[in-house]
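A.B. asks: Could you have a look at this structure, given as structure tokens, before my questions?
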Amino acid sequence: MTHEQADDPKDRQLGRDRVDDTDATLTTQQGVQVDHTDDSLSIGERGPTIMEDFHAREKLTHFDHERIPERVVHARGAGAYGHFKPYDSWLSEYTSAGFLTDPARQTPVFVRFSTVAGSRGSADTVRDVRGFATKFYTRQGNYDLVGNNMPVFFIQDGVKFPDFVHAVKPEPHNEIPQAASAHDTLWDFVSLQPETLHMILWLMSDRALPRSYRMMQGFGVHTFRLVNAEGRGTFVKFHWTPKLGTHSLVWDEAQKIAGKDPDFNRRDLWDSIEAGEFPEWELGVQLVDEADESEFDFDLLDATKLIPEERVPVRPVGRMVLDRNPDNFFAETEQVAFHTANLVPGIDFSNDPLLQARNFSYLDTQLIRLGGPNFAQLPVNRPVAEVHNDQRDGYGQHRIHTSRTSYTKNTLSGGCPVLADSGAFSHYAEKIEGHKIRERSDSFKDFYSQATLFWNSMSEVEAEHLVAAFRFELGKVEDTDIRARVVEELNHVDHSLARRVAEGVGVEPPAKETTANHGRSSAALSQLNTRLDQPATRKVAILVADGVDGDGTERLVASLRAQGLIPEKLAPTAGSVRAAGGGEIAVDRAINTMASVLYDGVAVPCGSESVATLSVDGYALHFVAEAYKHAKPIACFGSGLDMLRAAGVNAELAATTEVTVHLGVVTTTAARDELPDRFTEAFAAQLAAHRVWERNTDTVPA
Ligand code: HDD
């Protein structure tokens, strides 16, 4: 894990703080060696423990103080290091930020992904927004892009943030429910705050259930400003596009994973980096000339709005790769401190009132969370750029300033540190005039058009999922007035949406539409229009038992691996199984310790004895049926077809040696050495497409 990369300045810097306990002797914090840590110092064998036991007191005291407050939002997360490099220098026309414009420069990064509402120990696969926060350790100082996997936000002004968070978090009287938005207070808030509607549609969409952090888009959300060397400003929105496409779980699956493997997304990120399958994203920008600021039918400063890509295309800037897991979760992932105001020259704020509030909140929250003003000195937060200033003292001060002065100007230290004469951050000189008022701009008051745009852009299956999510969430709301008010709000978005939701939650469907649907859509908003050609890292369960076709199974495993997939052999018990032609096949896991929800697809090899065993094994049958229910690709060869029949798979299973694909089920009666390459190729293509949405699984029990 710890492999210092000579060309990575951040990694070299972290190396100075890493502690390696190999061959080391146990000591106190003072470095005094300890030879006994199992028994306290006491008077006699059965007598009282004595105060003098400084080792026991130090050990317990440290333990008692181990916890720090979790993040008030985004408490649950996972992080990794990596690097970013621009493709070329085209963006220098718009920004002086070297890390975005110098293709020879590789900038170290740390990225933390997170859920929002749950506490630190909550499950990964809950319905929620995902945080996507990137710290760029640039030569010009740290730049933080603190984004989400959805391009808009719930509210327009940060002063509403505590209200919103209080509404979505567990209810205060009983702290229920954990990490879930399906409860009365959230929907009460939503029904009274129409600006939430657009983001609520994103939250009810498949975007809230990412299959993997590696398969999520990321967005800076706000309109920021790029500033070039001449001081010219251009509005910008930042986008991260994952190499593997944008894919989601289905709701039933997500809920089950929350129990089977609450660390599902965290583990996936960790494992893929350990396996050398480094997650990758492309950074892109949407640019808007300042002169065109008022050319849109929404306000660029309103964080509940996106700029449709059809209107302003996303232009590629560079590539980010995450290639190193942290050494210590607490030291790095927990203590990393992001801040929207960590800017470098060439990037500046806009007047988005949500962003302006964030610029206060992130610094403020670290003071309570990390216990004082010196958190920027923690290894993960430390810039690779040099730090010199007159800020002194405070809890946890690690730096030993040798200078006699801690003020500017001075003569006693030769005026040092001196003011920068070039390369300094210079705030964009925007001309502002106005009265001091507490009012929402009229340009922020269209709450529905973009919610409608999002709804119109969903494919049929995505729209179905969205309606089902509303029915689930509102169905959990006890107060029927709240349910009815939300349906009324949805009627402003789309009449059919409101009716479909109403019918599922026992509310009178609205008789007529309140707002006519404008009929516009944006192809970029549907996940099904992202990449569907990347099978790499998909996990496949291969169900085997004694008497399995050993040659065919190993052939399948090898060819799946060759295509970058991760096959695992599962049998009724751990250890190994006997192959039909003799010999043993090692088993990766016992079926009952896993579940189909932890895999992207399932394969059943040939072997009449093996298939007969699996066809009467409840775990195995459920495994296949559940994978089918969740629209996952399934493959089987030879007598493996019988297992699918036993599991009630209702796709056509052609009894032919030809490779046949029907409703995502890939079959051939060929086995052993006859198994054609096209079989695994067809299976891999199905896995790359993620799910088989045309399959009707309504009658399959889940
Ligand atoms: Fe925030 C954490 C993303 C609005 C206040 N936020 C936090 C994190 C992410 C975001 C990814 C986790 C960072 C990490 O991994 O440590 N937040 C967003 C986005 C927003 C947004 C994309 C809207 C565009 N946030 C927002 C507002 C406020 C905050 C309006 C307050 C006015 N957010 C916080 C915070 C947190 C935080 C309370 C908790 C822990 C932390 O900052 O470091 O200050």
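Cβ from N, Cα, C; glycine included.
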A.B. asks: Let me know which member of F154, F161, F164, F330 TrEMBL also records as binding heme at the site of R71, R112, R358, Y362, R369.
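C.D. replies: That heme site, as TrEMBL gives it, pairs R71, R112, R358, Y362, R369 with F161.
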A.B. asks: With TrEMBL as the source, which of 46-68, 506-528 is set down as region 'Disordered'?
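C.D. replies: TrEMBL lists region 'Disordered' for residues 506-528.
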A.B. asks: How many other Cβ atoms sit within 10 Å of the Cβ of R71 (heme binding site)?
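C.D. replies: I count 21 other Cβ atoms within 10 Å of it.
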